[in-house]
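Enquirer: Sharing a structure below in structure tokens format, with a few things to ask.
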């Protein structure tokens, strides 16, 4: 049996004590009692809303071979006679196990942060590095104080490339995470007005993102967006911290990984990348200029870590957008064989990602008498800038020629007031009210793009559409 961890190594790394007859090792690690599988260890982490110790029995019933629990909660677990490792603090123990994983690993480690494009770039790196070796990467957006140590602790010791997403809402949050990760390569996708309510300026956001440089391994590399207004600040910050290898990507003439040309359609993209004095054609199986920009960063990383660039470029042709991040659904509608297109951008939103999603919608092609429809919800954590950033969306919507805008949320009322009468606007205060409207108003040939911050719950609009309208089959005849 190939173990992720032996229990002996776990005890040593976490400074824990055994309780009961422990198995020789574990095959995986979980913090969710519902999805745990046989052979995995369940870490009973105490979160803001739930305490994993309350679900220990469920975890064992679902196949956990071992529990990691806190000393303080052990008496309250009663007569539960199962294999356990008892520690002072479960989350801290997970962090120590993550650090032990980093210590034993010989993988090239890449950390990705940025205001927009973190998860997309992380998934792109997983995709393009896979032909060159065994890749371990963060699941979904596991990029915070528990997601990073969990991802580290889950990394097999034979991994060739480790890709870690690093997020933050406040200053100081990236520093402890990157100290654990100790990346060989640190990528900042871009700096944009995200979480503005927690910062005084864009430069403060850039400074918080620049914390990623502080955990860089000696001789490590930094990859920056040369087109971003904060490039010079980030470049100077990296140099001041002793970073010797600073690379850049973008359309800028001095970018090392340079976008020479871009052609996009509503289904895919083609870019011409200048790298190492050579111009290469790159086909991407996903639309959007922002996707092409992420590809520049990803291919730059491929070159830096010595992976196979030719295989990485070939892999991009099979890349597809993910759920909540541009995934497209063609759905049947009407009594005949009509259909409409749903672009699911519902995972999250800030001003920069809103503009990118609006550009995606502008490039989409309705059929027949169909309409391009922007279904937009509030961008959260904008603080005193909330009214302005929502009002400012009128510009890109009008420039893109979007004539139908359906809105929900208190902050989106500002956008409603700023759009001219030539735009057909539907506004509802609650997501549930807009959901009802969307389900009844969508028509054959339409293209709907749905986007909001996660907390607004526009994923429910997407789910309702997918539930009501079946997938369109290619064998169906379009009216």
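Positions of Cβ are set from backbone N, Cα and C atoms, glycine also.
Annotations per TrEMBL:
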- 114, 115, 116, 117, 118, 119, 120: ATP binding site (BINDING)
- 26-100: domain 'Mur ligase N-terminal catalytic' (DOMAIN)
- 112-301: domain 'Mur ligase central' (DOMAIN)
- 329-453: domain 'Mur ligase C-terminal' (DOMAIN)
Enquirer: Given the ATP site residues 114, 115, 116, 117, 118, 119, 120, which other residues of that chain have a Cβ within 8 Å of the mean position of their Cβ atoms, reported in sequence order?
Expert: 112, 121, 189, 190, 294, 353
Enquirer: Near residue 120 (ATP binding site), which residues of its chain come within a Cβ-Cβ distance under 8 Å, counting only those 6 or more away in sequence?
Expert: 290, 291, 294, 322, 325
Enquirer: Which number gives the other C-beta atoms within 10 angstroms of the C-beta of residue 118 (ATP binding site), all protein chains shown included?
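Expert: A 10 Å sphere around the Cβ of residue 118 (ATP binding site) contains 22 other Cβ atoms.
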Enquirer: Average pLDDT across the domain 'Mur ligase N-terminal catalytic' (26-100)?
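Expert: 93, rounded to a whole number.
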Enquirer: Tell me which residues of the chain lie with their Cβ under 8 angstroms from that of residue 114 (ATP binding site), as long as they are six or more apart in sequence?
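Expert: The answer is 121, 187, 188, 189, 190, 191, 209, 225.
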Enquirer: Where DSSP helix means H, G or I and strand means E or B, what are the helix, strand and coil counts for the domain 'Mur ligase C-terminal' (329-453)?
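Expert: Looking at the domain 'Mur ligase C-terminal' (329-453) with DSSP, the answer is 46 helix, 34 strand, 45 coil.
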Enquirer: Give me the non-local Cβ neighbours of residue 119 (ATP binding site): same chain, 6+ apart in sequence, Cβ-Cβ under 8 Å, ordered along the sequence.
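Expert: Counting only residues 6 or more apart in sequence, the Cβ neighbours of residue 119 (ATP binding site) under 8 Å are 140, 141, 143, 165, 322, 325, 347.
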Enquirer: Tally every other Cβ atom lying within 10 Å of the Cβ atom of residue 116 (ATP binding site).
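Expert: So the Cβ neighbour count for residue 116 (ATP binding site) comes to 25.
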Enquirer: Per DSSP, how many helix, strand and coil residues does the domain 'Mur ligase N-terminal catalytic' (26-100) have?
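Expert: Output for the domain 'Mur ligase N-terminal catalytic' (26-100) reads 24 helix, 19 strand, 32 coil.
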Enquirer: At a 10 Å cut-off from the C-beta of residue 115 (ATP binding site), count the other C-beta atoms across all protein chains.
Expert: 24
Enquirer: Neighbour count, 10 Å Cβ-Cβ cut-off, for residue 117 (ATP binding site): what number do you get?
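Expert: Here the count is 26.
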